[in-house]
Amino acid sequence: MAPNIRKSHPLLKMVNNSLIDLPAPSNISAWWNFGSLLGICLLTQILTGLLLAMHYTADTTLAFSSVAHTCRNVQYGWLIRNLHANGASFFFICIYLHIGRGFYYGSYLYKETWNTGVILLLTLMATAFVGYVLPWGQMSFWGATVITNLFSAIPYIGQTLVEWAWGGFSVDNPTLTRFFALHFLLPFMIAGLTLIHLTFLHESGSNNPLGIVSNCDKIPFHPYFTLKDILGFMLMLLPLTTLALFSPNLLGDPENFTPANPLVTPPHIKPEWYFLFAYAILRSIPNKLGGVLALAASVLVLFLTPFLHKAKQRAMTFRPLSQLLFWILVANLFILTWVGSQPVEHPFIIIGQLASLTYFTILLILFPIIGALENKMLNY
């Protein structure tokens with residue numbers, strides 16, 4: 001029989017083993033589509049971002065007008081920018097659902113895959129933050145000022161660190177230049193980390209909704225999941241294009257239509273919607289260093305989840321108490337997101353503090369306890 005180039009060629013066989021002949025569990029649901037959707041998001045963002053970078057000028061005097069020029073005078077520039085800005089939102093929707101899936105079905109027990117995933121999330125957050133500064137509108141400028149200023153809470157070296165990051169004594173031209181450089185670089189770092197993430201995943205194979213070993217019942221990735229993924233792409237790209245074409249500014253802040261002005265502070269400084277939950281946790285502690293630590297902990301707590309798994313079963317599929325707790329956590333995150341968008345006044349302050357406390361209590365205390373309790377219930 002003639003050798004199959006797909007299986008013998010050094011490069012093609014890597015593609016083959018990852019995307020074609022990969023053994024996949026036969027029962028993985030649509031919740032397993034988000035990994036490939038994140039891949040499409042990354043490709044779309046890099047492509048649109050590259051096209052935008054060709055028309056962008058990273059200079060405080062020109063940045064705002066270069067973005068306006070792109071939207072007005074470049075062929076389909078408005079579309080490219082709208083796809084890029086809203087693509088970021090879809091990227092975060094997909095990654096949050098992807099993490100939620102991993103949490104629900106116990107996928108975090110693949111520790112290397114999970115940890116590289118958390119690093120990917122942190123890198124994505126950094127990329128989105130520096131990218132938001134580039135149009136150099138009011139919210140870009142003040143968002144950059146507020147968030148970079150948080151590093152000054154670090155004892156002893158804080159202030160030096162902030163001035164080093166700024167390249168001066170305030171957010172100014174050097175800051176914008178380096179943020180553009182970082183925003184160009186980080187997505188390629190994300191692409192590299194994604195390959196590491198997939199390498200670790202393919203060592204163990206995918207988890208499945210039952211949380212049990214599925215080696216006895218595997219099916220090839222192609223054609224089954226290639227087709228299913230293409231359906232997923234269509235179902236994601238449809239709302240993305242709808243949003244970009246019909247209401248591109250729905251998720252943005254009107255304040256960013258005003259060019260950056262260091263002398264005028266916007267009435268409510270707030271980040272894009274996908275950072276609001278963390279912003280609410282930051283604001284809920286009336287102390288700068290404490291708030292910064294809580295902000296960091298809100299994401300870094302994900303590194304601890306594999307060690308807090310006390311249940312004998314992997315997935316929550318047959319654990320109703322953990323399921324209830326999981327959905328309370330989801331509701332709690334929605335509350336945090338909403339509180340983060342509100343001004344700092346009564347009753348939002350106390351709601352934010354309670355929601356922040358609940359967030360950490362559920363993740364660090366209640367989940368392990370309920371897991372252990374469910375183990376006991378298995379005996380009855």
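Backbone N, Cα and C atoms are what each Cβ position is placed from, and that goes for glycine too.
The shown structure was predicted, so the numbers you read here are calculated from the model rather than taken from an experiment.
Under the heading heme b b562 binding site, Swiss-Prot lists His84, His183. Marked as heme b b566 binding site by Swiss-Prot on the basis of similarity to another entry: His98, His197. Look at Swiss-Prot and you will find His202 tagged as ubiquinone binding site. If you look up Swiss-Prot, you'll see 34-54, 78-99, 114-134, 179-199, 227-247, 289-309, 321-341, 348-368 marked as transmembrane segment, on the strength of similarity to another entry.
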Pairwise Cα distance for His84 (heme b b562 binding site)/His98 (heme b b566 binding site) [Å, integer]: 21
Annotated stretches the transmembrane segment (348-368) and the transmembrane segment (289-309) touching (3 or more Cβ pairs under 8 Å): yes
Listed in sequence order, residues with CB under 8 A of His98 (heme b b566 binding site) and six or more positions away: Phe34, Gly35, Leu38, Gly117
Stretch contact, the transmembrane segment (289-309) with the transmembrane segment (179-199), Cβ-Cβ under 8 Å, 3+ pairs: no
Positions on the same chain near the transmembrane segment (321-341), where near means CB under 8 A and six or more residues out: 100, 103-104, 270-271, 273, 275-281, 283, 311, 348, 351-352, 355-356, 358-359, 362-363, 366-367, 370-371, 373-374
Distant-in-sequence neighbours of the transmembrane segment (34-54), which means Cβ under 8 A and at least six residues beyond its ends: 70, 80-81, 83-84, 87-88, 90-91, 94-95, 97-98, 101, 183-184, 187-188, 190-191, 194, 229, 232-233, 236-237
CB contacts for His197 (heme b b566 binding site) [other CB atoms within 10 A, all chains]: 21
Interface-richest range of 78-99, 114-134, 179-199 toward the transmembrane segment (227-247), CB pairs under 8 Å: 78-99
For His84 (heme b b562 binding site), the number of other Cβ atoms found within 10 Å of its own Cβ: 20
Which of His183, His202, the listed binding-site residues, has fewest other Cβ atoms within 10 Å: His202
His202 (ubiquinone binding site) and His183 (heme b b562 binding site), Cα-Cα, nearest whole angstrom: 29
Conformational class of His98 (heme b b566 binding site) under the three-state DSSP mapping: helix
